Amino acid sequence: MSLTPADALLRYAVIGNPIAHSRSPQIHAMFAEQTHIALDYERLAAPLDGFRDTVKTFFLQGGRGLNVTVPFKQEAYALAQDHLSTRARVAGAVNTLTWRDGVVHGCNTDGVGLVDDLKRLGAALQGARLLLVGAGGAARGVLQPLAEAGCADIRIVNRSPARAAELAATWQASGLHSGTRVSAGGLPDAARPGGWDVVVNATASSLRDEAPAMPPGLYATDALAYDMVYGARPTAFMHQATADGAARTADGLGMLVGQAAESFYIWHGLRPDPSAVLTTLRAELLAED
Ligand code: NDP
């Protein structure tokens, strides 16, 4: 997609459907305040059949960048297909569109957000044995950054095992990071002798207050359980992990802030401080409870 912008305003937005719930405008406003950048970041609702036209209009009116959320990440991938980062190519999904030199570029920052948050939480990813639960868009987006961070062994398990197998096969065909063993199975195949160092729940199960139906005994000594879903209270998956012996649990609020920080860096060349923003958002979530 190639365009000529009408002007040079520092306009950004998050695009999705629905979009009213998005915390991205608040996160980017806090990053902008930290780094003294004057910008305008709004919520952009696109009709389900009107993603491409809405994006085009936004960039023609001077927009510089878009965060993309449900259900448009794959359409954003198609839109930016001639200018994709490796992360986006492997993920098959784009959450960050950037207008640069008359062209739309696509990247996926979800995986960087997750890896940064796991490190913040003290997880040693170099050589780690990691169980990735889920094989949807979120799981696809984090596979390459987890391998790049040095995980030795990643097993993908999913309610529909065929989807996990397909994701593992796509990964193996990519030829990237051959030092990481990637295997796949169904939820009953989640167990591993000695347990996992890190278990990441990339399913939407916690949104319905359910935990994925996995066997017990998943956790190695000092293991971390991480749910991409976040909320004021521990999720169903976090409860399941604690009962199964996980030493530590965390939800995905830090990932949300981390992916936004990476998008901010792509657009502005500056790294904001995610920890201050995370503290503010956590306090607000608790107050809303
Ligand atoms: P998708 O719709 O692409 O995939 C959903 C996944 O969840 C599939 O693997 C599906 O399995 C699985 N699933 C759904 N319900 C259950 C259940 N009850 N038990 C077991 N598995 C289940 O969604 P995404 O991958 O895009 O997102 C997944 C979650 O991650 C969402 O809740 C989203 O909010 C969260 N997320 C958080 C981010 C953050 O920054 N914190 C960033 C991105 C996502 P199956 O294939 O069998 O249907």
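Numbering starts at 1 and runs along the chain as it is shown here.
Cβ from N, Cα, C; glycine included.
Nobody curates TrEMBL annotations by hand; they come from automatic prediction.
The NADP(+) site in TrEMBL is built from Gly134, Ala135, Gly136, Gly137, Ala138, Met228 plus one of Gly111, Gly113, Gly252, Gly254, namely Gly252.
Together with Ser22, Arg23, Ser24, Thr69, Asn95, Tyr230, Gln259, TrEMBL lists one candidate of Asp40, Asp53, Asp110 for binding shikimate, that being Asp110. Of all the binding-site residues listed here (Ser24, Asn95), it is Ser24 whose C-beta has the fewest other C-beta atoms within 10 angstroms. For ligand 1, the binding-site residues lying close by, meaning a CB under 6 A from one of its atoms, are Asp110, Gly134, Ala135, Gly137, Gly252; the full candidate list was Asn95, Asp110, Gly134, Ala135, Gly137, Gly252. Within 10 Å of Tyr230 (shikimate binding site), judged by CA to CA distance, lies none of the recorded positions Lys73, Gly134, Gly136, Gly137.
Remark: secondary structure over the domain 'SDH C-terminal' (252-282) totals 25 helix, 0 strand, 6 coil, with classes taken from DSSP. Summarised by DSSP class, the composition of the domain 'Shikimate dehydrogenase substrate binding N-terminal' (14-97) is 35 helix, 18 strand, 31 coil.
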